Amino acid sequence: MIIKIHNQTSFCITPFKSLLIKMFLPIKEKKLMHLIFVTNEKIQELNSFYRQKNYPTDVLSFPNDLTFFAGLEDNSLGDVFISFSKAQVQAQTAKHSLEREIAFLAVHGFLHLKGYQHRTEEEFQIMLALQEKILQNVGLNLDKTT
């Protein structure tokens, strides 16, 4: 899978790029995904506008629906926005690495682009198992502090 990583924050994301590329490279997906690191203010703006929830969240996914809505061929799976600040706080709270939190959020966003949801317990468990599998491929686990 092809990913493009964009940084719209003042934080240095260079240490996380190789992990993210390594994590998504083996996934058999021919479309491009954009991972965009943003500020809490930006993600709150997006969350408010698109979901009518006026607070910052950790990750938002926006699938590319051009093919569906307009019948157009496009090579983009969609965009995943990650709040770097939110990831830092969540990693500290959960007592695991920022690397693991960013990887988790990126995978979570990717699965939403692929159509997975977690509205029910069954959907949640399916999504959790897929996240765990992808994270384990790069030596990260959901239940460990790494």
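Even glycines carry a Cβ here, placed using N, Cα and C.
Note that the coordinates shown come from a computational prediction; the quantities given were computed from them, not determined experimentally.
What Swiss-Prot records for this protein:
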type	residues	note
BINDING	His108, His112, His118	Zn(2+) binding site
Quiz prompt | CB contacts for His112 (Zn(2+) binding site) [other CB atoms within 10 A, all chains] | solution = 19
Practice problem: Select the most exposed residue of His108, His118, where exposure means the fewest other Cβ atoms within 10 Å, treating these as the binding-site residues. | Solution: His118
